[in-house]
Amino acid sequence: MENFQETAKRVFNVGWTNFKRNTYLSMGTTGVMILVLFLFSGLMSLNYLASQIVSGLEEKVDVSVYFKNDASEEEINKVKSDLELLGTVKKVEYVSKDQALNEFKERHAGDTLIQDSLAELDDNPLQASLNVKADDSSQYASIVTFLEGNKFRSLVDKINFYENEQVIKRVLAISGGLRNWGFLLTMVLALIAVLVTFNTVRLTIYSQKQEIEIMRLVGGSNWHIKAPYLVEGGMYGALAAGIVAVIFYPAIFFISPKVESLMPGVSLISYFVSNIFQFVPLIFFIGILLGVTSSFVAIRRFLKI
Amino acid sequence: MIEFKDVSTIYDNDESIEILNGVNLHIKDGEFVSIIGPAGAGKSTLLRLLTREISPHRGEVILDGVNLAEVPSKAIPLLRRKIGTVYQDFKLLSAKTAFENVAFAMEVCGADRGEIESDVPKILGIVGLGDKLKSFPHQLSGGEKQRLAIARALIHRPRIILADEPTGNLDLVNSYDVVKLLMKINELGTTVILATHNREVVNAIGKRVISIEKGKIVRDQVENGKYVI
């Protein structure tokens, strides 16, 4: 007598009817779900922006090794070769005293005071240097250690890489804090969404007390009696996810140029468009999971077969 | 075959309040048994034990050799499909037609549309509601409502019908109609257990009568019973 197709059809039909029957309650429940999913989407955007800022800053970090004036070009090149042999080093660039002076003059071409001061000097006051780029920002400390222990240590005047590192640490701390607080807020809202859905399903169960009683008496299986409520809960989540997906993309489309003007090269819209097949199913998964979980708890609590 | 072996039930886990107290009972397949007693005597509790809505605090309720307390919860729906139930308050869905009320009992057990379309009109015809398929419960008389409830109870072709005060809300004529219908069902081989406080109904049936008072069986008259104090 059992027919799976008929059963599935009935379960979905009843779930859908329950969903439609309590219009205002369904709207409220879906509204809270929408808030949760929006917050989650915002958190994802924030994550992306933070990672872009950090990787941008990491690109700018390098170690500059300044040599004393008595260091010869040959000796500096030996240090360069030693550095290039390190597996953690990506690139080493030699900047001679003259090159450094030229670059300095170019940089301050419009500043007559600096130009005049330089003209008054007999010698080139700038130092030859090596700019070292590492594969990963975490490896700079070991490169600095290597330089300090190198046989040419006496030629080195100073090693400088700490400025950007501080900035990265601050950005990481801020984005980490935002992520944690955002996550906490999302969890609180998710809990509220679960409670609201739980109550909605509970009211549906209560309003269908007689139907449930009859189903039990005529031998309706647990699946037949309980599944429509799971479907109902899932529908709140699915509808909320659908609405979030429809609103979120146009919103990102408008926000993205503004973000890009602040952070050139960072495009929110292209990130979310290129990840649309991961993002949208994820939102649906979270929404449906929240709804079904709430219904499941309500059924366990209020629907005894 | 139904057997109650020293069955006791308590109210709300309170051992001091016994609803049934050491009930021993044996009902053969195809029997028509009337259980009579005042309100609160334990008649409905006795029926609820058979559908596993409750379990005994002590003793065993055995159906076809199976101790119902040992039936796993997953199998309870299957047990209930073997037992049709009829109640005083009909338990019909007011927003559904007569056809839909009976079809509902089939739908929740996973029947397909074809089965529903063919079986429901037949069963409604058997109980005399063949012309009321599209009527809603509020358009039916008390007797018709109870016949509709009986049709729903019969839709799974149960081996047992439990009728808990089925005439409680009916006048004498309709009560007699319902009793006649239950007797007809019994003649076709279905075991019928009727719980009632109505002596006239029991006397009209003239079959086995079990009298229950304060949770105990006080009389079990097996043949042509007339309930006389």
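Just so you know, glycine gets a Cβ as well, placed from its N, Cα and C.
Sequence-distant contacts of the transmembrane segment (A:30-50), counting only residues of its own chain at least 6 positions beyond either end whose CB sits under 8 Å from a CB of the stretch, comprise 171-172, 174-175, 178-179, 182-183, 185-186, 189-190, 192-193, 196-197, 236-237, 239-241, 243-244, 247-248, 252, 259, 263, 266, 268, 271-272, 279, 283, 286-287, 290-291. According to TrEMBL, the feature transmembrane segment maps to A:30-50 (among others).
Feature annotation from TrEMBL assigns domain 'FtsX extracellular' to A:61-150.
TrEMBL lists A:181-201 (among others) with the feature transmembrane segment.
Annotation source TrEMBL lists domain 'ABC3 transporter permease C-terminal' at A:185-305.
The annotation transmembrane segment is assigned in TrEMBL to A:236-256 (among others).
The annotation transmembrane segment is assigned in TrEMBL to A:276-299 (among others).
If one looks beyond the transmembrane segment (A:276-299) by at least 6 residues along the same chain, the residues whose Cβ comes under 8 Å of a Cβ in the stretch are 33, 36-37, 40-41, 44, 190, 193-199, 201-202, 205, 226, 229-230, 232-238, 240-242, 244-245, 249. In the domain 'ABC3 transporter permease C-terminal' (A:185-305), the DSSP tally of helix, strand and coil residues is 107 helix, 0 strand, 14 coil. On the 0 to 100 pLDDT scale, the domain 'FtsX extracellular' (A:61-150) averages 84 in the predicted structure.
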